Amino acid sequence: MTSKKLVNSVAGCADDALAGLVACNPNLQLLQGHRVALRSDLDSLKGQVALLSGGGSGHEPAHAGFIGKGMLTGVIAGAVFTSPAVGSILAAIRAVAQAGTVGTLLIVKNYTGDRLNFGLAREQARAEGIPVEMVVIGDDSAFTVLKKAGRRGLCGTVLIHKVAGALAEAGVGLEEITNRVSVVAKAMGTLGVSLASCSVPGSKPTFELSADEVELGLGIHGEAGVRRIKMATADKIVAIMLDHMTNSSNVSHVPVQSGSSVVLMVNNLGGLSFLELGIIADAAVRSLEGRGVKIARALVGTFMSALEMPGISLTLLLVDEPLLKLIDADTTASAWPNMAKVSVTGRTWIRAAPTEPLEAPDSTATGGTDSKQMVLVLERVCTTLLGLEEHLNALDRAAGDGDCGTTHSRAARAIQGWLKEGQPPASPAQLLSKLSLLLLEKMGGSSGALYGLFLTAAAQPLKAKTDLPAWSAAMDAGLEAMQKYGKAAPGDRTMLDSLWAAGQELQAWKSPGANLFQILTKAVKSAEAAAEATRNMEAGAGRASYISSARLDQPDPGAVAAAAILRAILEALQGQGA
């Protein structure tokens, strides 16, 4: 079965993609009759060296994304994963020559088709009297034994675009640019890894991987790598990659060692999430710095993809200060990142957390027995929530994500860890405030925010008094805050339904001579009844409001959890005879 792609036609997808990029970028123009994009200010380049690159489509933003002042003059695009036509390459060379440039450097990735087609166009242009040089970039560090075809051209080619572009912008001549970038290319290595294949429009996936395998050292067209390894953590995968590409017994290694200064590129091969890309970048920085390598600059993003391949490549370029100045030189190329021109290694990247304000003395703090009672109540609540994890998750799957139980268990474990650190505050107001901060930080999700709001607001009436009317007022304040910021109301099929029902019963605490347990027992029963009643409610707030009510045939998990918490509080207090 072929993969689904949002294209107009398989045959025209490369033309359409390039046309779309040029149509949205006033700095680019298409060369009529050819799949060629050029700088729109071409006539301003008289007396400068022109830089042309390109290759098969499907590697976006390479190559057209790197056209601009300080980088490429133009690119020639082939069909997907196919070298561009000789005629189009020659037309691009003629176009830049006729605009008054003093010579052209072709920057070509080391693939047979690219070498042949760019090479033939170069020879024809030279026969016409146009000065043209060509550098073939092979930065692949995958192969331990050098093959006759040489190292493949990978994402490191983008760094060559940048260095050559800075030199051309500075007015350096064709021969010197050619020589200098040839030297730079030898101090660079790239290695890729993928979790699965990509698929060319109109075709099936290019290879198959087992669920527990990843491909190490593959090319940017889905070519086989050096070996398949077992799926592992991001830290482990990155360590394997860096070990392989810096191993001196590997003939294609990059000679990075302790004390080296490098530019690091973390390149998304097309289908990796931004979340994973950040994790890989963190692992790469830590691993390199752990080896004593100085990271002078780091580029993280999508630079040279392989369609939708879910994988990454790492590029290391050995640099000194003169080379860094070329990397840092300004460019208008749309795909070049707005990179900080400072070293990654050695800078302070963590700011100390702000100091918390000193707590004012609390007249309601009694300590001793009350504090121990609070611990027992919290422990009972935690045990209850941990026991309900799977049940709450099952209820939550009707709304899509199925993590309500996990979220509440995360809160329970956070509270348990906090209790192990020492006795909680004796003051109810301080206790609720501390719990609020803990849940906001550790619980996560909308539940963490709602409970945090509830507890923060509920703590305020308890600062002056802790009698039953004050606890009723605390419940009122918490419910008001939840409604104000959560936008839910009673009857909307949320956790508020349980808490609201309990709060109505707790109003009786405001009457003289109110009985703690009688009223609390009624409140818990009302909360449980309200939780069960959510089974038949139309969801009016929260994620469940996007789900058809016909599919919501179970009670709301948040309401069930809130009722269970109230039940646990009641039973813990009864067990103590409080």
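Here the Cβ of each residue, glycine as well, is placed from N, Cα and C on the backbone.
Note that TrEMBL annotation is computational and uncurated.
For reference, TrEMBL has these:
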DOMAIN    9-336  domain 'DhaK'
BINDING   Gly56, Ser57, Gly58, His59, Lys109, Asp114  substrate binding site
ACT_SITE  His221  active site, tele-hemiaminal-histidine intermediate
DOMAIN    372-571  domain 'DhaL'
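Spacing of Ser57 (substrate binding site) relative to His221 (active site, tele-hemiaminal-histidine intermediate) is 10 Å (Cα to Cα, whole number).
Annotated substrate site Gly56, Ser57, Gly58, His59, Lys109, Asp114; additional same-chain residues within 8 Å of its Cβ mean position, judged by their own Cβ, are Gly54, Gly55, Ala62, His63, Ala77, Gly78, Val80, Phe81, Thr82, Ser83, Ile220, His221.
Spacing of His59 (substrate binding site) relative to His221 (active site, tele-hemiaminal-histidine intermediate) is 9 Å (Cα to Cα, whole number). Counted within 10 Å of its Cβ, the other Cβ atoms near Ser57 (substrate binding site) come to 25, all protein chains included. Cα-Cα distance from Asp114 (substrate binding site) to His221 (active site, tele-hemiaminal-histidine intermediate): 13 Å (rounded to the nearest whole number). The distance from the Cα of Gly58 (substrate binding site) to the Cα of the residue listed as 'active site, tele-hemiaminal-histidine intermediate' comes to 9 Å.
A simple Cβ count within 10 Å picks out one of the binding-site residues Gly56, Gly58 as the most packed, and that one is Gly58. Contacts of Lys109 (substrate binding site) defined by a Cβ separation under 8 A and a same-chain sequence distance of 6+ are given as Gly55, Val136, Ile137, Gly138, Arg152, Gly153, Leu154, Thr157, in order along the sequence. Between the C-alpha atoms of Gly56 (substrate binding site) and His221 (active site, tele-hemiaminal-histidine intermediate), the distance comes to 9 Å. The local packing around His59 (substrate binding site), expressed as other Cβ atoms within 10 Å of its Cβ over all shown chains, amounts to 28. Residues within less than 8 Å, Cβ to Cβ, of His221 (active site, tele-hemiaminal-histidine intermediate) and separated from it by at least 6 positions along the same chain comprise Gly56, Gly58, Phe81, Thr206, Ala306. Counting every protein chain shown, the Cβ of Asp114 (substrate binding site) has 25 other Cβ atoms within 10 Å. Mean model confidence of the domain 'DhaK' (9-336) amounts to 96 (pLDDT, 0 to 100 scale).
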